[in-house]
Amino acid sequence: MITWEDFYTVMCAMVPLYFAMFVAYGSVKWWKIFTPEQCSGINRFVATFAVPVLSFHFISHNNPYQMDSRFILADTLSKLLVLVILSLWASLSAACAGPRRRGRRLDWVITLFSVGTLPNTLVMGIPLLRAMYGDFTQSLMVQLVVLQCIIWYTLLLFLFEYRAATMLIEDQFPGTAAAAIAKFEVDGDIISLDGRDPIRAESEVDADGRIRVRIRRSISSVLDSGLSSSIGITPRRLSNISGAEIYSVNTPVRQPASADRLTVRDITLGCRSASPHLSGYASSDSYSLQPTPRASNFNEMEIGTPVWVRSPAAPAGMLIRQQSPATPGALKLAWEGCGGQGDKDVGAGEKDLSFRSTSKFVVDKEDEEEELEVEGDQEMPAAFVMLRLILTVLGRKLSRNPNTYSSILGLLWSLISFKWGVDMPTLVKESIKIISDAGLGMAMFSLGLFMALQPRIIACGPKMAAISMAIRFLSGPMVMSVASMVVGLRGVRLHTAIVQAALPQGIVPFVFAREYGLHPDILSTGVIFGMLVSLPVTLLYYILLGL
């Protein structure tokens, strides 16, 4: 039975965290103390130093030789169960659909997996559960943090990169041409296929008809280098209002003499809602939710530079280069998202401030029929070729993530320390402690800044928000309870597992969703609105489980 003293202990642990968040919110929203640029600097510090050092502190003090294998197995089983259910749903629902519709099923698999299985364990889970069930839960939460950073976030990035690679191949090599791709070569300055920077694909066909593709940055000499394809949109500047980028859709293009209209296959859109080039850390900005307001070094295209290029499949033995047609007038875009926003015309002077993650060009029926014909015959490269491409960019992205290093180094030190009884030097220990002590409060402060910089708390509309909250706070704990009972968890550890699954949405999945342009409005709502409702929800679970 939960007593008032237990309830007060929980509130003493959680109220200071929410106090830091609401102070940050008021500093921007009401008192105008911080500008968006200053918020960006604070978030950068939190992403680069505070949270990685906090992770290292917790992981390095956890004994890896006393891991609770049954608790870890329950968490792993629950995540795998959700992934299997979503994969079966996607396979069955897309059995009769075209390749692009199957791609949209993958989009929802990634988003629903993020919403349902990846809570904010480090910032919210450790203090909350330690107050509810005792100090031993800190070790359990740290074990889950290690698995999240090393396994589950890596798997999530793999799925995002697979989606990005699939979109790239479908746009650049429609039909059966992609099946002949034998090798991808990725330039060293390409960190990811997420669309942070415009990229282009050069293809060469050998005597055997096999295609070699080289992926490079897209620069102003895009049509003068003998390319067969090019993708990307040039980001003009960053938004200081909503945290989303402003993309210029009507970038000037060169007018060829024979161009008369623009069809859906004439252009490729690198759609994404994050900064085009923030820092060398790529996706590591786990808590850097407001992008640094400076432009990319690769976005200053010359006037008249063609940006959109037709993407034909090159005939065997030939390298085709084809210029972009003109774009008469304004392009009409249908922005798809959970908010149900209608079509809107994007003119030369208009900007997109939305979190909408998917875009498509509205074409006439004739072009649509041609596109459907291409969709029906779409093939992909061999699995080994795709796997090598994805692992290449995945390794580069992880190597620029401070949380990757903090997790691995913390785990290595704990293995050494608890194996041979080696203590960390006091000089190093105190240096880490002074930053890690501020990490928890700064992470919540950063969340408050992010909330204040958003135009709406519920960015994806009430219907989708209700669905995502139900998945986060109902489905997640239900699946975890089933998995826990299957592996034999009982008592306090079972209660800990269920409450942990009801924690608010993790921030890292939102950062990934924003970078790859995949339902960032849903994940943004999960982070903001989830933080507001998570305290009463977890307290309700705590009370019910204690009856």
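Every residue gets a Cβ built from N, Cα and C, even glycine.
Unlike curated entries, TrEMBL annotations are predicted automatically.
Worth saying up front: this structure is predicted, and the values here are computed from it rather than measured.
For reference, TrEMBL has these:
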TRANSMEM  6-28  transmembrane segment
TRANSMEM  80-97  transmembrane segment
TRANSMEM  109-128  transmembrane segment
TRANSMEM  140-160  transmembrane segment
TRANSMEM  404-422  transmembrane segment
TRANSMEM  434-453  transmembrane segment
TRANSMEM  465-488  transmembrane segment
TRANSMEM  525-544  transmembrane segment
Recorded stretch, among 6-28, 109-128, 404-422, 525-544, maximising Cβ pairs under 8 Å relative to the transmembrane segment (434-453): 6-28
Result, the transmembrane segment (140-160) in contact with the transmembrane segment (404-422) (3+ CB pairs under 8 Å): yes
Leading contact stretch, 6-28, 109-128, 465-488 vs the transmembrane segment (140-160) - CB distance under 8 Å: 109-128
Same-chain residue ranges lying at least 6 outside the transmembrane segment (6-28) that approach it to Cβ under 8 Å: 34, 39, 123-124, 127-128, 130-132, 440-442, 444-449, 451-453, 531, 535, 539, 542, 546
